[in-house]
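Asks: Sharing a structure here in structure tokens format.
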Amino acid sequence: MSSKSQLPFSTRASNHPNPLARKLFEVAEAKKSNVTVSADVTTTKELLDLADRLGPYIAVIKTHIDILSDFGPETINGLNALAEKHNFLIFEDRKFIDIGNTVQKQYHGGALKISEWAHIINCAVLPAEGIVQALAETAQAEDFPHGSERGLLILAEMTSKGSLATGEYTSASVDYARKYPSFVLGFVSTRALTEVSSTVTAADNEDFVVFTTGVNLSSKGDKLGQQYQTPQSAIGRGADFIIAGRGIYTAPDPVEAAKQYQQQGWEAYLARVGGASQ
């Protein structure tokens, strides 16, 4: 699998076949941030307060919207307004994992109506290609007005100890991404997947974005099996965007923590591309 990770985001944005990837890179360049904050809080007030305070320093906010005890229209209206105010994208970490007919309803309907507000979603590919096809068809339907601003990350690897997202599963993730490049933005993985074999030929302009979870300045794990990487180690292994949660939102000063992740993440990115960012 090819990698364009040595190129600056500005170059990748200008050549990228996926419109949401272009926007993502442009946001990152404008803000000099490749940080995704995982806002795993449980009330709308906490979520919106965190988004407003950290918004200037992040490229993406990642939500688990179903853990909010008071989810409602004010949640989404507030989050959309803050995304516009601070120029960040919204990533709903739903991890879709069901048959195609079910995930279409989960994505586009129900109480959460995720397709209406989340720029980025993710899925596991245990159900095989049909899950990617179903989500792509939903987002790219002719009567859906936000299709060019919606994209999918395939959960190709996980950072938890003993994860089974390896081997053939990871190879299948690459296969399906290559079949739906206009909708699949990239991967959630622990590294660039350049060495992963695939049965599908890569397009000449292939450029999948890599998000790496479990990034923490302390580089320690937790008692539930989470294994952390530092911003430098994650980006050195091929991450384009680093996902940090507790290292930011449980810090004594979350704003100062977000600034530290922004600085370290961006410096690591600049080192990787030889300081060629604009």
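Each Cβ is built from the backbone N, Cα and C atoms, and glycine gets one as well.
Marked as substrate binding site by Swiss-Prot on the basis of similarity to another entry: Asp40, 62-64, 93-102, Tyr228, Arg246. Feature annotation from Swiss-Prot assigns active site, proton donor to Lys95; the stated evidence is sequence analysis.
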Asks: Check the binding-site residues Ile97, Ile99 for other C-beta atoms within 10 angstroms of each C-beta and report the one with the most.
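Replies: Result for the most crowded candidate: Ile97.
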Asks: If you count, for each of the binding-site residues Thr63, Asn101, the other Cβ atoms lying within 10 Å of its Cβ, which residue has the minimum?
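Replies: So among Thr63, Asn101, the binding-site residues given, the one with the fewest Cβ atoms within 10 Å is Asn101.
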Asks: Using a 10 angstroms cut-off on Cβ to Cβ distances, just flag whichever of Asp40, Asp93 is the loneliest among these binding-site residues.
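Replies: Candidates: the binding-site residues Asp40, Asp93. Fewest Cβ atoms within 10 Å: Asp40.
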